[in-house]
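These notes are about the structure you will find just below.
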């Protein structure tokens, strides 16, 4: 039974590949404003695209809980079904209202992605977490890259109409839907069905957990003062297991209450809170830029007037981001000492890339700036993922991940309502991108202030320690220290 994890992992990877192998994805905007749909730019940018954001936010939290309660597989099947509906409507539905409904179903598919990424932890032993996670996440990048390159080759070399790219994508997501039915049904889940889990899987030694869950570096980090790992279950976790074991009509609400207490304890760790704040703020901006980058390119160089290379750009940015994310695992940096300034610096890089994309209205400059922006974000989000999960059990990692993502989408919704939606300001695409560049400048300023405060606090602490080291006893007759200073030094040394 040592290789029992291979089949579910293989089937999940197959499902992930076909789900993400979508040749039409880099050309969605060109298709919507082209002759097939004949929608105006304002309709697409200000009335259709915002629907995805609203539906994603409305569904994310309930889907997060239902996914665990139903044990993943039914939600993965739902994701495949919603993608089939999305691309059928994209191909055949006409008019503004129908296209808005299409965006809603796309929001359903996005919200249910969490089932794909969580499923692997319910069907494999904890010793295989790292390999399973690596395979399932890597195959999504491979699928996205293959889809982008395929779409670009078909458009540029074979002159295939965009309608047929959607047909190929529909075939791919249909294969993903069929594959999802062959996934083994899990007997356990992270939160609501832990009673089926072997006790060793929940409270085993830290060495059994993968690096993203519990790293030796995190355990040795002097700033990590809260026992967040799985080896010592906190009171909230113990109560949670008792509720799950006891059942009862109020069990669901009690589980939610215990999860809330667990979450508060997680965020009481300053390093984890710092990375989580950056995650939520930057992911909000990332989602917004990814959604509207094609809209900007369409304004800079209309697809009806010349060849476009959106597929190549998406493929290159994905590959560079994957390489950067892989390489960061071999870089030894004391992240907790410089976390705020690192996040500030990379946020400035993203802000500059977005500003150049907006102001230098040349399509090739836009493409290069987009690659820099996306690669930088993928690098930082990988570091954030590692640092957040560094001293958390898998259950707590899933909880924090879900809350951070919900916060990001909530912020994105607010930004969409104010900046994009026709019922708000309904700004043009160039003004929007100027605001997004300013948004990342704001993020950089927040972490610069936090970093400077930390440096000043550290300097003051070291200065006090030097003073303590130079004083062997409190001499109140001289001018060296006061009574209060002596009391403080005595209590802190």
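Each Cβ is built from the backbone N, Cα and C atoms, and glycine gets one as well.
Annotations in TrEMBL come from automatic prediction, not curation.
Ranges compared are 163-183, 184-204, and TrEMBL records transmembrane segment for 163-183. Cross-referencing 104-124, 209-229 with TrEMBL places the feature transmembrane segment at 104-124. Residues 48-70 are the range that TrEMBL records as transmembrane segment, among 2-24, 25-47, 48-70.
For the transmembrane segment (77-98), same-chain residues at least 6 beyond its ends with a Cβ under 8 Å from one of its own Cβ atoms are 15, 19, 24, 31, 37, 39, 43, 47-48, 105-106, 108-109, 112-113, 115-116, 163, 166-167, 169-170, 173-174, 176-178, 180-181. Here the transmembrane segment (432-453) touches the transmembrane segment (338-356). Their Cβ atoms form 3 or more pairs under 8 Å, with each pair 6 or more residues apart.
Two recorded stretches are said to be in contact when at least 3 C-beta pairs lie under 8 angstroms, sequence spacing 6 or more; the transmembrane segment (267-288) and the transmembrane segment (104-124) fall short of this definition.
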